[in-house]
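Look at Swiss-Prot and you will find 1-24 tagged as signal peptide. Feature annotation from Swiss-Prot assigns disulfide bond to Cys43-Cys57, Cys50-Cys61, Cys56-Cys65.
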Amino acid sequence: MKLTCVLIAAVLLLAVCQLDSADATGYMRKNPSLRSPKRTRGCKSKGSFCWNGIECCGGNCFFACIY
């Protein structure tokens, strides 16, 4: 029973992550200025806390900006 609950929770978490990344991709497609690699104004630097890769200058986020 516990294993089933853990598996269901993991699948739901993965589904939410996929929906979140799909929304971010669509937003970047609509706003071309966000796709520019030279865009650094207003972004967070390496080691800063983040929720989404869009917030980071390098575009990679795992609770903190990676690059």
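Residue numbers in this text run from 1 along the chain shown.
Here the Cβ of each residue, glycine as well, is placed from N, Cα and C on the backbone.
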| task | Pop the Cα-Cα gap between Cys50 (disulfide bond) and Cys56 (disulfide bond) into the table, whole Å please. | result | 7
| said: Restricting to the chain of Cys43 (disulfide bond) and a gap of 6 or more, list residues whose Cβ falls under 8 Å of its Cβ, or answer none. | reply: Glu55, Cys56, Cys57
| query | Per DSSP, Cys50 (disulfide bond) is which: helix, strand or coil? | reply | coil
| note | Here the Cα-Cα span from Cys50 (disulfide bond) to Cys65 (disulfide bond), rounded to a whole number of angstrom, reaches 6
| remark: Cys43 (disulfide bond) falls, by DSSP collapsed to helix, strand or coil, into coil
| Among the disulfide-bonded residues Cys56, Cys57, which residue has the largest number of other Cβ atoms within 10 Å of its own Cβ? | Cys56
